[in-house]
Structure formats: C-alpha cells, structure tokens
Amino acid sequence: MRSEEEMQSCTDSEMEGGEDETSGFMDESAISNPFREREMRGMIGDFEYIEGKWIGSYRFVKQLGTGSSSKVVLGRDVRSGEKVAIKIIPRRVNGGETGDMEMRCDQRVFREVIISSVLNHPHIARLKNFLYSPTHYFLIFEYVKGRQLYDIIISSGPLKEKEGQRYFRQLLSAIDYIHRNSVVHRDLKIENILIDENDNVKLIDFGLSNFYDNKTLLNTFCGSLYFAAPELLQGQRYCGPEIDVWSLGVVLYAILCGCVPFDDEDVQGLQAKIMDADFKFCKTISREAMELIRGMIVAQPSSRMGLSQVIGSEWVNKGQKSRINSYAAKRYPIMKLNEKYIRPISRAIRFQFPNMEREIRRFHKICREEIGTLEQIYWSRRPVVSLYYLVSENLGGDDENEAYTDDGEEEPPQELPEAVHDFVRFMFSKEKGCGPRHVKKEVFLTSTSQDSLCSVKGKDCGLPQVRQTYLKGFFKGIRVKHIGSHNALKKVLLDIFNANNIIYEITEKSYFCSAYHEDLECLFKVSMYFNVLLNEYYLTVTPLNSERKVFRNVYEWISSGLRNRV
C-alpha cells in the first residue's frame, strides 16, 4: 500500500481506466447556488463529500495513497476538466482534554496550506485550493504525472552520477528557495520527491514544514527515521535548515548508492548509528560525491555543511556552466505598503504570528528611514516579512487588484478555516505578475559591504548610547577594565571590528554587526553599559541568528581584543 506522501504522484498505469466516470464536464450553472455560496467561504457540507465519489465540484478518479492521518485521491474539477491531487485529512473534533492536540493538528494543516500556496517554484508542487467540511479538510494540489524517486530507485537501482546530479541540483534549487523564504521542509526523503513526465523534480508534502527564525529555535521531532538528523533523535532544539541539509545528504546517498546509509533490524540500533553518523559507502562512487555526502551527514550540526556550501561544492558544479538558480526574486526595500495584502495574510496566519501586521509596519518604517542597512537586511529575513514579499511577488504588487477589498469597517472575527480559505482564494485571484514595484532606487536586500555600512547614521552624534545600569556586570557581560571614557570604549570596539573584518552599523542603542567565517554569516549586536555601582564599563554581545560556531569566534575576537588592547 502506498503512503500518503505520494499525494501528487500517479504512474502511467494508474492513469489508465477510471476516466469514463468523469468524462463529461459539468456546466457551472449545474452546481447549486447554495454550494457556490458556501464554496466562496471554503465550507462544504458533509453531504457534498461522498467518500470515493466526489468533493464538492471535484470528482474522484481513483485513490493514490493512504497514511495514518490522511489519504490522497486523483480528482478532476468538473467545471474545468483539470486534474488535481486531493489530500483529505479528517478533522479532530473530540474536544475535552485533547483540545490542545487538536488545535496543534489543525494549525499544522493551516500552515501547510499557507506555505504551499505562497511558494512559487518550478520544482515545488503548489496548492491550488483549500476546502473544509465539519469533519474533513481538503487540500487541492496541482496534479503531477510521474513517479516517486523512491519507485525509480527500487525498480532501477542507483542512478548514474550525471542523472543524479541533475535531480539533486533541482532539489537544491527548491530547498534554497524555501530557506531564503524562512521555510524549512523537515520531511525530505525520496518518497517526497517526484520525477514528472518531463524528467524534472517536483518536491511535495509540506505537512511537517514550518517557518524558522534565526532567533527562535524549533523543538518538534519531524520526518522519517531513516532521514532524520541526530539532533532530532536526541530531542535537541534546532534552527531548521541544518536538519534539511542532513536529510539532503541521506537523499543523495540513496540516489547514488541505491539504499539508505543507516539501517538496522533493531530501532535502537538504527538510532545509535544515526546519532554517531556511522555509515559506509555500499557502492563505489566518485571522490567528489563521497566528500559531499560526508560533509552533509555529520552528527554535530555546527560541523555540518551549510546549504550554501553544498550548492557551491565541487560535485554539484562539476561539468556545469552556471550555478544553481534558486528562482528567488530580487527584493527591494518596501517603500509603500500594499494594505490589501496585509489583512488576508495576517488573519490567516494569526495562530502563529499574532503580531504580523505590527512587524510588517515596523519593517516598512525601517525601509523608509534608511536604505541598505544591516538592520533592514536582518528584518527582511524574518518569516512575516518573507510572507509579505511572497504574496507581493505572486500578485505583482498591483494596487489595482480588487480581489480583496477593505471598506474601512470592522469585520466580525473569522474562524481560522475560513480565513485560511479566503487567503488561498485571494492568492489565486489574479495571474502571477511581476515583482514589487514601489521602489525608490536600485537597492537589493542581499549582500552588504564594509564601505557602505561602517559610516552610517549616528557616527557624528554620539551614537550608540552607553547606557547606565545597576545590574549589568553582576550577572552578564564582558568587563572592560581601565577604559577612560565613552569615546575611548567606542574607539577600541571599532578597532576590533576593523581588525576582524566585522561589518557594523550604528544604531541608537547598539552596534548592529555582521561577521563571516568559512562562508557562514553571523549577525549580532554589541551594546555598551556603564555600571554606576561598580564604576566600570561592560559590553553585551547578543547573537541574532543561529550561526553559533561563528558567534563563538566573534565573542572570542571581541573579548580577547579588549583584554589585549594597547
């Protein structure tokens, strides 16, 4: 029996038969007005879901797969004739003591719907509609005619390196795209990778995906055991991208060797092998491929290759004329907010980001005040900002889009399923346009330079402040001995920054900084305090993203620089 992860896949043999029952298309007028009104809200009655027959206006062709919590059917929209893959998830409506668990399960569905509707990438299967009944959720995806990578490996064995490289590059393109948009997949495995009829990769099943923020760690165990990173088995908190890199390493091993790197008849034995990253190559492959896999399947996350290192690796680029294209749009500072975008997305995602609207407006304020600052770039990587950009990129930033209107009146609160459906409907209300247009000048939210950021606002007006405190120094902070004044402390810090190629930006209360080590970027801030009781200066160095290995180096650079100053 197939698993639910095959949701968009159907082999050629599965396509044969079963077509006659849906061969005639139904005219839209034949669909009852009450149904059409409910469908506008995403709600369908239980009587409009007949198991094995139809869901609203979608007629079943055949079942594709089942799992512990859902099943997937191949369907056809009787109004357009379009084939779709429909993921059917029972709603948990028991109530009582299991209420929190039910809420989390519902939120996971809503998150999958939102993520799958905003991601727009040639190697990611996209959600097209979302419906719900009192007892079920229905996620309608684009239909991908093809085969699972799992089936290809099982039937044909390991792939040749040239073919495997092509598929892996397409997969890396998709993962780079989602990571750039603050999304981590968390369930990468060969069952969730389809090869379509044009021999291209389609990544599916974002049911375990989540948004990640470099400041907030995740702690949920996700994914298949064979592809799960050691830190998941150990119950450690994680940022997100690093577990996708581990899974990518296991996927590449399976592609080139025809089996998984870790296996054992005993579950405890399997877990022990994974946690030790204890594996051998069961097949001879190229030196470059082995080096890449060994760099990805590393037990310690801080020693594991980052995705950018994987993309730039020798094997991935061997024989290629160009680097991998992530299809991520160039992003400009938001100089003008499109109010029509803010409300539908903030309503739909309020279960995870209740302050989304406020954060978007804060980022907008930062964009208008200063162009190309580190603080602006840092904020542009936050999930809520990525969501706003994704919506704008899909809808083209067009102020004339009237799909969502705001008459200024306070609307009654929506139930979450209806708000999520409204957002999906809003996303597909218009053909994809161009990127955001409200731009003052050609400034991209990408890389930064020492020259552009080291002499920004505040250098000549006493900023950043050295704040007075009664507590700093007792419990935390780097003690600065024998420094005479505020200005002397700032001069020492700037000397340390310059000596270690630390890019900095002066803000009101701190230095907002960026440092690179082995192609990894660490964002952090340095704040200065004067302890009134101790009559001494102290610094705090606070990490702003998850590159802990680089941050440890940064902390040592600053603390040793203060100790060894002339």
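Numbering starts at 1 and runs along the chain as it is shown here.
The backbone N, Cα and C atoms fix where each Cβ goes, glycine too.
Mapped onto three states, the DSSP output places Asp187 (active site, proton acceptor) in coil. Sequence annotations record features per position, and here Swiss-Prot assigns active site, proton acceptor to Asp187.
A sphere of 10 angstroms centred on the C-beta of Ser70 (ATP binding site) encloses 19 other C-beta atoms. Under DSSP, Ser70 (ATP binding site) is assigned to coil, being neither helix nor strand in the three-state scheme. Per Swiss-Prot, the feature ATP binding site maps to Leu64, Gly65, Thr66, Gly67, Ser68, Ser69, Ser70, Lys71, Val72, Lys87.
What Swiss-Prot lists as compositional bias 'Acidic residues' is 13-22.
What Swiss-Prot lists as domain 'Protein kinase' is 58-316.
According to Swiss-Prot, the feature region 'Disordered' maps to 1-27.
Confidence across the domain 'Protein kinase' (58-316), taken as the mean pLDDT and rounded to a whole number, stands at 92. The Cβ of Leu64 has fewer other Cβ atoms within 10 Å than any other of the binding-site residues Leu64, Val72.
Ser70 (ATP binding site) sits 16 Å from Asp187 (active site, proton acceptor), counting Cα to Cα.
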